[in-house]
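Working notes, beginning with the structure itself.
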Amino acid sequence: MQRSPLEKASVVSKLFFSWTRPILRKGYRQRLESSDIYQIPSADSADYLSEKLEREWDRELASKKNPKLINALRRCFFWRFMFYGILLYLGEVTKAVQPLLLGRIIASYDPDNKEERSIAIYLGIGLCLLFIVRTLLLHPAIFGLHHIGMQMRIAMFSLIYKKTLKLSSRVLDKISIGQLVSFLSNNLNKFDEGLALAHFVWIVPLQVALLMGLIWELLQASAFCGLGFLIVLALFQAGLGRMMMKYRDQRAGKINERLVITSEMIENIQSVKAYCWEEAMEKMIENLRQTELKLTRKAAYVRYFNSSAFFFSGFFVVFLSVLPYALIKGIVLRKIFTTISFCIVLRMAVTRQFPWAVQTWYDSLGAINKIQDFLQKQEYKTLEYNLTTTEVVMENVTAFWEEGFGELFEKAKQNNSNRKTSNGDDSLFFSNFSLLGTPVLKDINFKIERGQLLAVAGSTGAGKTSLLMMIMGELEPSEGKIKHSGRISFCSQFSWIMPGTIKENIIFGVSYDECRYRSVIKACQLEEDISKFAEKDNIVLGEGGITLSGGQRARISLARAVYKDADLYLLDSPFGYLDVLTEKEIFESCVCKLMANKTRILVTSKMEHLKKADKILILHEGSIYFYGTFSELQNLRPDFSSKLMGYDSFDQFSAERRNSILTETLRRFSLEGDAPISRTETKKQSFKQTGEFGEKRKNSILNPINSIRKFSIVQKTPLQMNGIEEDSDEPLERRLSLVPDSEQGEVILPRISVISTGPTLQARRRQSVLNLMTQSVNQGQSIHRKTAASTRKVSLAPQANLTELDIYSRRLSQETGLEISEEINEEDLKECFFDDMESIPAVTTWNTYLRYITVHKSLIFVLIWCLVIFLAEVAASLVVLWFLGNTPPQDKGNSTYSRNNSYAVIITRTSSYYVFYIYVGVADTLLAMGFFRGLPLVHTLITVSKILHHKMLHSVLQAPMSTLNTLKAGGILNRFSKDIAILDDLLPLTIFDFIQLLLIVIGAIAVVAVLQPYIFVATVPVIVAFIMLRAYFLQTSQQLKQLESEGRSPIFTHLVTSLKGLWTLRAFGRQPYFETLFHKALNLHTANWFLYLSTLRWFQMRIEMIFVIFFIAVTFISILTTGEGEGTVGIILTLAMNIMSTLQWAVNSSIDVDSLMRSVSRVFKFIDMPTEEGKPTRSTKPYKNGQLLKVMIIENSHVKKDDIWPSGGQMTIKDLTAKYTEGGNPILENISFSISPGQRVGLLGRTGSGKSTLLSAFLRLLNTKGEIQIDGVSWDSVTLQQWRKAFGVIPQKVFIFSGTFRKNLDPYEQWSDQEIWKVADEVGLRSVIEQFPGKLDFVLVDGGCVLSHGHKQLMCLARSVLSKAKILLLDEPSAHLDPVTYQIIRRTLKQAFADCTVILCEHRIEAMLECQQFLVIEENKVRQYDSIQKLLNERSLFRQAISPSDRVKLFPHRNSSKCKSQPQIAALKEETEEEVQDTRL
């Protein structure tokens, strides 16, 4: 960055903002880069400002019981704030004084007042000087207030971030990530520009008092008629505002419904294409869009009337002020024009400035109070450690994730006794409440010596992660003692990668030791991966490690933990995403050898790890099931496998929770409308019955992270339906929560509410920060694996990959959740995250405007209609002028003359008409014509938005994956959220305002030019200068705005990155380092924003200077060339003053239109995306064995079997090469093999070898070359839809969209209920669906959050059964499944797909039992294609990965003679499907 010219600028340069000229010149000539931006002054640095505010806030906390953040802000910024406020007031006062001089100038033209004529020139000079003074006062004042607002935002940004790093885990579990981002975007952005309006709260009353005093002098009591009208108008506008809010509230819910489906569609676009659901999704979204647009139109009409009221009110204000006085006393011409000028100022003050100021204070104080509440939340308490301690000891430790259960229970009991329910069954309310306080860990005792390895095992939800959290101090024990040295290193279950190089991620701020670093790299099997990168370990990783595979991320996280020299290493399931061979090597070389002298606690479920551990701790439901050595375990607990793996009583355990959850659900549906709660009760945070099905449940929209939620919490109650939460006066639909994209931080979205098309759980869910930290960003390999060159993160948002226990054991916060969300409005939709795909020109091209206008032919006619009406208005004014100009003047003797006023001219009847006709024609107040001009325009522009949304949706759904792979999913989603919101809301009204203002200015100039032709000569250069200055400024300002957007992205990215890795940060003590990084991101953004504000003020000041010059010219031309016509001078000067304010407003509107049209450019860019090859490249009548084959995919149950293709499922793959993008590197090369009909093939290979990619290539989701045939039919011979319908798919990332069970299973509605129930029976879903209200019509939301991951897999299985596909593709179906669901899937595969070809991609050896052939993929090519027996020869790498116990499972008969009977480990053998009885999930 360059040094800022501001540092050496003179006072004059600072006053006129001349120091910005170098950047404006450079931006006009070339494209600006980040290096061109100036450094910020030290007074604006985040370090200085945060320290200043933090010091005052600490002082406030120390001195008062009820600390107020506003007091701390006052002590920091008050005096500067008031200084600029006084400047602003003085500038506004000049506007009130100008009409006085105008009146004197007009009076000087009175033929009977000759002595005044001589001083007219001096009065003109005085009037021009007032304009100059106003310019010199207002612009520095406004800039100063913007600057203070920026500093306040920076200081509070930093304070919030620092507080976030200190929050306790309990508090983090009650705050959504969306709310925190909302803090830093919507709430704090109010300070940036809103502060300039704040002073009008006191300026406007003073100004109104001054103006009314001056008008009283002219018109006496009549003055209050105009003021009364303005007050009525302001109240009318307030009423319209309330009506508009009502429509916006209703519309917000509809927008959310559309966005939830749209985002699910984008996040799972590969699944949509694999299932051939493009048409179904498009129809679904368009139906929601229709309903939304009806409300959009209503809101737009109300906003139109609100905006029009200001324009059309000018005439009435003057008319009502002047008419009573004129009727009673008669009126002089001077008073009319002076009143007009006063009323222009009065109208702006009362109807615009004062309401805006009140709204600013309301918003700002609300934001400050929310931030204040946040800053007082409970902080993470650092435990006291003894550094001399060598062992790790826990004595009688019990812990809860929640506090104060006794008090909560009493509140609930009291509240429930006051509540009258319709069914009278109060006992249901407490059915599980007594179990709410079940501890997550109970009576834990163990001791491990230095250098020992403790393996912690247990089923999902047993409390394994919670145990590690307690050792780290994240979970405070309610009883017992914990003792260790405090020097901890931690590896999370879900690998966390910060933006930076691989080396920086591993070293993580610890001093660099080359020898140690190399040994860690080698032990974690990273040498081979690093060698593939050109920059080796200096390659820069994106946020979340987007360019790495899940296994690579896991190994880097482990390497970071191992590199740190600590006494105690906590490893939470670090091998979850590694293939068997890699896992085995790392466990041996890293955990057992490299760390041999260190104390290690390893969470694992692998038998091999338990055998090598010094001690084993098995947890079950939060209690110790076993503690000891492996040999003791075999002797004392022969049934331990069931507790370890979750087999024993799993189904009963789940069923118990399932029954209670469904009982509560049904009960809440019956109570939902019967138990209203008073406002008083909600404010007291009383218990209430809501429709919230686990408020803290994951929201796939809010938390776009490839995640699996395995946070170990055991609660006896499935979901606390009766939790305490803060109520809000706002409707649910108005809640907004913004969240960045999981791994790149580029999307910001409104809070998604639920679809209300059937029986559903009306919920407002939020993704807690604690959830965010316990979720994975590397859930195995996505079907579309990332390459380093690619910029798209394929899986934007996951579905809830949750185990059944986790779903049913999720707790609801007992403490009030922090509510800092906002309603959806234009500001909320501002992009928090920059789209780096955006390559839109700095200024919107004329081609974009032309294309936008021609989208809908009606728009052209409407614009012509607007022009015709405008010409009619101007023509009417000119005709009146001509007519009155030719009317002979009235005889002076007929007029009444007041001797009391030395220079008063009494207007006759004719001349009074003259004045009012001119004013009517010029001020654009032909109400009927104005009304008919604007409303059709707004209506048509919304229709254009509807058409563009439809075209963009169709284009995205039909785009090939090779194109979509080059885009960020968050960027696509921003087009449907932010840009469509701009097209719907902002653009129509902004275009209307601009056209309205432009026509007013042109009309006024036309009338002035007719009255005084010399003025037209002065107008031409002013217009030319305005156009040139606007073009000059826009070129730079749009680039600065773009750079500001880019600078904003790292702030939010860093926040989310910090939250994801917060436990790691704390364990490593890296909070100060991350605070420094955050301040650097803030300073970068500040540099861009400050320069944008400065250049904007430069432009505004230059525009005003041009207008001042124009007004000076008009004034002196009028004074020097006008003879005796005081009316003419009055009209010219009044209009010139009006043009001054209106033209500047029009200039700003034109800049806004240009900025908003960039959204249109982005939408057109998506509309122009290429489409998939829909038609076959060969004949659509393929031949098989020389005979014509009738190609038919089963789409309903009534087709004849003879017409069906495929019939057998034979596949032949020849020279298949696959790429993600057109010019990308091949992911698979020259793959050739064949599969016999009905054969089962397993895909084997290391993480990232291309297994999932091969399945995608089968579906033609990638850029492919070569040929694939199914039953002799080539993929070139059929359409894409026909080809993909030949496959049934169970993807790695399960896709459940928001809609009914029926829609999710059969989106095209091809099957009857009987057929759907039959399939549900086959896959074990019937008992689940039947217990929900509405059964098949029950609406699933949030990616099916009420279903476990197993249920979702079964849903995918049911879809495949319904599709009657002959080839089934399974991508790691057993990942994260509980054993029971896994057995059901195995059984269904045997029964429903007995005669189908099955291709299975799996890491687990036991999952491969049914496969006859195995395809080994290595280095993008087929290494081997054979049976497992041949793969397990001595030369095979895979033999090393298969343990003897696995071989027993794979070949039980072959090995039975060699294996002695070992009854004590009989439980280790996999349960056969016969042992798993008819399991009801």
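Note: Cβ is positioned from N, Cα and C throughout, glycine not excepted.
According to Swiss-Prot, the feature ATP 2 binding site maps to Tyr1220, Gly1245, Arg1246, Thr1247, Gly1248, Ser1249, Gly1250, Lys1251, Ser1252. Under the three-state DSSP scheme, Arg1246 (ATP 2 binding site) falls in the coil class.
The annotation ubiquitin cross-link is assigned in Swiss-Prot to Lys688.
Annotation comment: Swiss-Prot describes 81-365 as domain 'ABC transmembrane type-1 1', evidence class sequence analysis.
Here Swiss-Prot flags Cys524 (among others) as S-palmitoyl cysteine, drawing on similarity to another entry. The DSSP secondary structure for Cys524 (S-palmitoyl cysteine) is coil. Other Cβ atoms within 10 Å of the Cβ of Cys524 (S-palmitoyl cysteine) number 27 in total over all chains.
Cβ neighbour count for Cys1396 (S-palmitoyl cysteine) (all protein chains, 10 Å cutoff from its Cβ): 21. The S-palmitoyl cysteine annotation in Swiss-Prot covers Cys1396 (among others).
Ser549 (phosphoserine): 21 other CB atoms within 10 A of its CB, across all protein chains. Residues annotated as phosphoserine in Swiss-Prot, with similarity to another entry given as evidence: Ser549 (among others).
The annotation phosphoserine is assigned in Swiss-Prot to Ser660 (among others).
Annotated phosphoserine per Swiss-Prot: Ser670 (among others), in sequence order.
Per Swiss-Prot, the feature phosphoserine maps to Ser686 (among others).
According to Swiss-Prot, the feature phosphoserine maps to Ser700 (among others), an assignment based on similarity to another entry.
The phosphoserine annotation in Swiss-Prot covers Ser712 (among others).
Taken from Swiss-Prot, the feature phosphoserine covers Ser737 (among others), and the record attributes it to similarity to another entry.
The phosphoserine feature in Swiss-Prot is assigned to Ser753 (among others); the stated evidence is similarity to another entry.
Among the features that Swiss-Prot reports, phosphoserine is placed at Ser768 (among others).
Here Swiss-Prot flags Ser790 (among others) as phosphoserine, drawing on similarity to another entry.
Taken from Swiss-Prot, the feature phosphoserine applies to Ser1445 (among others), supported by similarity to another entry.
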Cα-to-Cα gap, Gly1250 (ATP 2 binding site) vs Ser549 (phosphoserine), nearest whole Å: 11
Rank aside, I only need the closest one: which of the recorded positions Cys524, Ser549, Cys1396 has its C-alpha nearest to that of Tyr1220 (ATP 2 binding site)? Ser549
Just how many other Cβ atoms lie inside 10 Å of the Cβ on Gly1248 (ATP 2 binding site)? 21
For the transmembrane segment (196-216), which recorded stretch in the set 299-319, 340-358, 1014-1034, 1131-1151 gives the largest number of Cβ pairs separated by under 8 Å? 340-358
Counting only pairs 6 or more apart in sequence, are there at least 3 Cβ pairs under 8 Å between the transmembrane segment (1014-1034) and the transmembrane segment (1096-1116)? yes
Candidates Cys524, Ser549, Cys1396 (recorded positions) - the one closest to Gly1248 (ATP 2 binding site) by CA: Ser549
Please report the distance from the Cα of Cys524 (S-palmitoyl cysteine) to the Cα of Ser549 (phosphoserine), rounded to the nearest angstrom. 15
Recorded stretch that, among 78-98, 123-146, 223-243, 991-1011, has the most CB pairs under 8 Å to the transmembrane segment (1096-1116): 123-146
Beyond the flanks of the transmembrane segment (78-98) by 6 or more, those residues with Cβ under 8 Å of it: 127, 130-131, 133-134, 137-138, 140-142, 144-145, 148, 195-196, 198-199, 202-203, 206-207, 210-211, 214, 341-342, 345, 1137
List the helix, strand and coil residue totals of the topological domain 'Cytoplasmic' (1-77) as derived from DSSP. 55 helix, 2 strand, 20 coil
Reported mean pLDDT - the topological domain 'Cytoplasmic' (940-990): 88
